[in-house]
């Protein structure tokens, strides 16, 4: 009897176990140990990758993890080089731009093909752009392609027939197999750089039709014209890239194989890095202190700005400029970074982060200078007093500041609240929330103050500055300044790049004087990279790293 | 027996329906929306997406659509991985989770039974104390502490085993140990108590009086009878282990299902959350159902008692 009972349970377990074993077949491939054997320099690297990319589909990818892989597997008309300048890639040379800055005529390089040998045609770009703005594609990044004339009309079309009709009117045309003509809604000074972003990569209709909803879901459906091919994609585990021998510039691609192991836990990633099982790992907070100054350490500035939002509608006192300035001036941003983040980010010197181009060949931050009021508790106290007097208040009413409840969020808010208490005598309630709820509250204007951040969608100050125009979609601080609105509108319509840049500099000055938001720091990512890897680039936006010119020393 | 089985089956179906419904209700009450980069989506874009995913329909309609799809085995498309169905994601992750679960349960069984047996047979000696100390440590040290310790000391310092990843057989060892330790401790204590109980039974005294050899008594009488409580809890423990791999999977970069749980909740990936919950519930209910049936089959008293109730 006892044995029978034992057997019964064993059978149950065996059935389940057998089913499980049947499911695990595909994942047992080695790669981690491949480059352990030193000696001959193999052009192979193994990198820890912190997340599983979503769909590797030119239209549908929204995460930086996906951008990075697609940028290795695919290519656009241009590619960003080590100086963050666009250089011809699938395009033969730089575009011919019409006098009004709206029409770009681009000729493709001779003999460019996808990794399967099929030629890249101008029509593939037309198809790609049209597919991205088609509402049926559900492309979250379609807003960029909607800069192309008529793109927004396709997005808004209601019926499939209307979508097709609007697509034909869109400002992207294949003059012949090699000539592409793109007409924009309005001039965009940074559009050539933007053409290097994956949303503007070519796509093949035959591939998309063949794989349908599964396009970009597996290695076989990811076909690009870039320096590498996606040879293998074991979901949640590993992606293997190998050199694409059909790439037009294959002579400049040194790496033969790149293995990306999905390692989400930083400490595990570092353990693997230390044992030599990996050549790259992203690091944060405490680990930066341990690696900084060593040859493995790489600091990658991001086009990402972090700041405190003050909602003027929900806290009437925030409508007073002096109150806002006082709150901003009372926070020591240098100490904030050192206390909360260890190292990495740099204190904000304005709202637009370091590294952002001004659209006129210069760096915006250098043109605009340091606009951030200095940390000055005494002056902050005086300003608060004046501001409160203007409002007829004795003290600042208690308000709540929301923050993400993970990563550095809780420590951040603790620091900010302590600074305000210590330097201004103001009591503030901290409210850590899940990221999505924090953002949701902001979108719905249901918060008083919020620790927030914004990363660039493209390398131009406008991605940061047009947020704060009156009634703007993302202006959730409910601040309004007619002068600011005027400058942004002027910049949006200005063809002269120098004038345009100046308008944006002037706009940012107003923003930093008025302080509807209190800038704190510009974020930077820290990595440890094996010293044997040479030529790997860490661009400030768009992708996490660029492998085209990387090699093993 | 048929009536009993059908009744059990009905209970199982009702349980799953309740879970499916509850998951739907809870999901709908989650704050935020499921689209990544939602901070950058305009209201208009959000409306388009909501329409495309059917999130703008009345709740009752959404519920019946969802229920119908679940019955058909369609758990929807993940919001985070738009080219992959939830069932595919689960299928791909299930292998590693199950494998890790099976290794760790085997390890826990072998270790737990051995430790428990030694402790009981060497009752109140240093053997007993050492085994029970190990057991207490096993219960007290959570896997999220043990995992990183193993990864660092065994992986980086001693270089005996890889500190993470999931490719070769040796990649299985550390996560399986980290995951099995707690279960092993519970089983050891259970085995010890159970054996001590049996040792004091009259039939053991009889066996001794009959002059049976020590090893024969231990193997034929004590060990086999003491194993019963272990057999009883092994089903739920098994489910517990394969569903409790979340932290260990994360620490050792095991491509299992655990990470999806955390990630899907953080990103409000509704379809993934409900899909995983339903999947795990179905496994648990299925194992319990089979255990019930097996019991009913083996022991008619259970069947009759439940049948009448």
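Positions of Cβ are set from backbone N, Cα and C atoms, glycine also.
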Stretch carrying transmembrane segment according to TrEMBL (options B:56-82, B:272-298): B:272-298
B:154-172, B:173-191 - the range that TrEMBL marks as transmembrane segment: B:173-191
Surrounding residues of the transmembrane segment (B:9-27) on its own chain - C-beta under 8 Å, 6+ positions past either end: 62-63, 66-67, 70, 270, 273-274, 277-278, 281-282, 285-286, 288-289
Chain residues outside the transmembrane segment (B:133-153) and at least six past its termini with a C-beta under 8 angstroms from it: 115, 119, 163-164, 174-175, 177-179, 181-182, 184-186, 188-189, 192, 244, 247-248, 251-252
For the transmembrane segment (B:226-252), distant same-chain residues with Cβ under 8 A (at least six beyond the ends): 96-98, 100-102, 104-105, 108-109, 112-113, 120, 142-144, 147-148, 151, 163-166, 171, 174-175, 178-180, 183, 186-187, 190-191, 194-195, 197-198, 258-259, 261-262, 280, 283-284, 287-288, 290-291
